[in-house]
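Under the heading domain 'ATP-grasp', Swiss-Prot lists 9-244. Residues or ranges marked as ATP binding site by Swiss-Prot: K46, G53, R54, G55, E99, C102, E107. The Mg(2+) binding site feature in Swiss-Prot is assigned to N199, D213. Under the heading substrate binding site, Swiss-Prot lists N264, G321, I322, M323.
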Amino acid sequence: MNIHEYQAKEILRKYGVPTSTGLVVTKTEKINETIDKLNTEVYVVKAQIHAGGRGKAGGVKVVKSKEEAKKVAHDMFGINLVTHQTGPQGQKVNRLYIESGCDILKEYYFSIVFDRLASCITFIASTEGGVDIEEVAEKTPEKIVKFSVDPATGLQDFHMRGIAYELGFKDNQAKQMKEIVKSVYNAFVETDAAQIEINPLIVQTDGNLLALDAKITFDDNGLFKHPNITAMRDHDEEDPLETRAANAGLSYVKMDGNIGCMVNGAGLAMATMDIIKLYGASPANFLDVGGGADRERVKEALKIILSDKEVQGILVNIFGGIMRCDIIAEGIIAAAKDIGIKVPLVVRLAGTNVEKGKEILSNSGLEIIPAHDLADAANKIVEAIR
């Protein structure tokens, strides 16, 4: 789960991280009133969307008067902001964060992430912070340093010293950086975050460090422990189909292809998407119905897939362990009778009650294309949509 910048800063401040502060606007009629509350010489108007690259896309504006700030805010509110992370459709700006500007001496990059390959928490830092960190990673990766934290021992003083040293901080600034590292680590662990990113972390002209922008992504599996964080979720920033799927207990991610997939198990789902690509087509989604899906959940899964207008065919790939193939078959038939399936449907079943499931589908009278293995299923669905 992602949250907005102003929410991320609120969390970081609770853990002792110094951040820039401002006011949030959620309605156009509140823009002037909100800006009037800020007494500053420089105003920074920031679009609040769940995507990076706002600065380059015009979603962050720095102005030097109240009048300019009001005009920029009114112009920015409600637009579709297109960045390299939103895709061509962009993301509608429904919130603004308006801050007081500050003097910047130098910008740095600092983040903490759970490294799944190394099975540990990893700090990532660079002396080249700001909007071009992606370019730094591509062209000059040697300017980016990493420190891994052994989960058995946790954060140690040498991690904090090492990060401060690699960023070139000395004396009081090194002390400040060590405290920021410690605070960010505590926030990361205690909130079950998947990533915390501060970009840029700046040195002000007075020598103090400040988090000028912040992003936090949380592990969805840990949200049940944090109702206060769950309450920060902005459904307007999420795909409606993904939200609908989550409410039904389904794992769904929309993609750009034209073949809808319904599978049980994340690994099998990824293998299914891979083989669709191998046979020359593209998956329209990732959809894992889970191991304990019932007839209604299967029915809802198919409805969600068919809600995507780009879907030209559906591949159902089920390996029945806990999940019974006859339940899948009944769900498919129920969905077909309820909403009608007007695109080619290929079904591959294996495992528990597979013969019963195949019999149910065969006797349904529906135009269902059976497949005996995954390669056969992928080949048949790709051929069916051509």
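Our numbering is plain: 1 for the first residue shown, then up by one each step along the chain.
Using the three backbone atoms N, Cα and C, a Cβ is placed for every residue, glycine included.
Structural mapping of features recorded in Swiss-Prot.
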| residue | record | CB count, 10 Å |
| --- | --- | --- |
| K46 | ATP binding site | 25 |
| G53 | ATP binding site | 16 |
| G55 | ATP binding site | 18 |
| E99 | ATP binding site | 24 |
| C102 | ATP binding site | 16 |
| E107 | ATP binding site | 20 |
| N199 | Mg(2+) binding site | 21 |
| N264 | substrate binding site | 25 |
| G321 | substrate binding site | 12 |
| I322 | substrate binding site | 11 |
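The substrate site in the record is lined by N264, G321, I322, M323, and its two most distant CA atoms lie 10 Å apart. Per Cα geometry, R54 is the residue among the binding-site residues R54, E99, D213 nearest to N264 (substrate binding site). Regional average pLDDT for the domain 'ATP-grasp' (9-244) in the model is 93.
With all protein chains in the displayed structure included, the most crowded Cβ environment within 10 Å among the binding-site residues R54, D213, M323 is that of D213. E99 (ATP binding site) falls within a strand when secondary structure is assigned with DSSP.
Put simply, D213 is the one of the binding-site residues D213, G321, I322, M323 whose Cα lies nearest to the Cα of E99 (ATP binding site).
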